[in-house]
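Everything on this sheet refers to the single structure shown next.
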C-alpha cells in the first residue's frame, strides 16, 4: 500500500520534516547512483563500416563524430584496389563531451567489394565478428571478470551504391552472412548524386529486396506508451526514413551567411545537416543520441546470446558423447593450451555440466522471443 504525502502551503515545522524523513527510504536516488558510476567508468562503442571503395565511408565517420581517424591513410590506385584483399583495420579514439567519455572503435574493411570476383569476400568480416564473440565468451568464463574489454561489434553501417537499381548480389550476400551476428544499418551513400524522387524510388526498391531476400536489418524498438509525442514523432520519422540516404563532408562552406559543412556545386550548396537535403541528422540522432544503448543491448542480449547458446550446446553435446573427455573441445581452432588454461577448463567443467541442465530452458526462451 503506497503512502501519499500532502504538502500544505504553510511553512513546514521541524516535526513535519521529521515525519517526511521517516517515510523516505532513499532508493529514489538509485538512478543518480547509476548515472555517476556510468559517467565515471565511461562508455565504449564499436562501429563497423563496410561497402565498396569510394562511397564516402571515412568522410561520413568523420562527419558523425567530428574526429579524423584516417590521418595516415594511403589512397590506393584503381589497379591496387582491384588486387587488394579484404582487410580488417581498427581505429580507436577516446572522445569526451561535457564530462562523458566514449571509447569509440571504428572497424574498417578496406578491399571489400573491389575485386573482380567478390564471391565470399565477406568471409574475413564474419570471421572477425565471431572472433570477438569468442574472446568475450572466454573472458566472461574466466576467473578474472572485473575488467573485461568489450570488442564485440555493436553496429555495422553498410553503404549501398546510389548508382545501381537496388541491392547487388554482393550486398545481399554480405547482409545475409552477417544479419544474425551484428546490427546492420543499411545506408544509401552519396545521396547528393540523386534527386529526391530517385531517392524515394531507390529506398522503396531496397526495402522490397530486403524483405524478398529475408534480410534482418536492425529494427527500431517500439516506443513506450508513456513517451512524449515529440519522441514518438521522431521515432516514426526514423522508421519511415530507413534506409538512410546520407552525405558526408569535411569541408565548411558559406550558405546564406552561415558557415556549414557541405558540398559546393555550380547549381548550389548541399548541406550535410540540412534534413531537406539528406538523412544525416536522422542517422546521427539514431546512432548516437537515441539508440546507441539499444544497439549494445541487442548485441549482448540477442546476437551474443545466440553465439553463447551455440557454444554451450556444442560443448555439452561433446561431453555427452564422450564422458571420458577431460575437457570440452573449443569451437574454433586454438593453440595448444598451457597448464593454467587446462586448469581453468577443468574448473569450468563442472559449471558446464550444470549449464547443460539450463540449456533446454534457454532454448525455450529463445523460441518464445
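Backbone N, Cα and C atoms are what each Cβ position is placed from, and that goes for glycine too.
Look at Swiss-Prot and you will find 51-58, 85, 111, 190-198, 248, 263 tagged as GTP binding site, backed by similarity to another entry. Non-local contacts of residue 198 (GTP binding site) by the CB criterion (under 8 A, 6+ apart in sequence, same chain) are absent. The secondary structure of residue 198 (GTP binding site), as reduced to three states from DSSP, is helical.
Taken from Swiss-Prot, the feature coiled coil applies to 338-369, supported by sequence analysis.
Sequence annotations record features per position, and here Swiss-Prot assigns domain 'Septin-type G' to 41-314. The average pLDDT computed over the domain 'Septin-type G' (41-314) stands at 85.
The phosphothreonine annotation in Swiss-Prot covers 13 (among others) and is backed by a large-scale study or a structure entry.
Residues or ranges marked as phosphoserine by Swiss-Prot on the basis of a large-scale study or a structure entry: 225 (among others). In this chain, none of the residues that are 6 or more apart from residue 225 (phosphoserine) has a CB less than 8 Å from its CB.
The phosphoserine feature in Swiss-Prot is assigned to 327 (among others); the stated evidence is a large-scale study or a structure entry.
Annotation source Swiss-Prot lists phosphothreonine at 336 (among others), citing a large-scale study or a structure entry.
The region 'G4 motif' annotation in Swiss-Prot covers 189-192 and rests on sequence analysis.
Under the three-state DSSP scheme, residue 225 (phosphoserine) falls in the coil class. Counted with DSSP, the region 'G4 motif' (189-192) comes out as 2 helix, 0 strand, 2 coil. Each of the binding-site residues 51, 54, 57, 195 was scored by the number of other CB atoms within 10 A of its CB, and the lowest score belongs to 195.
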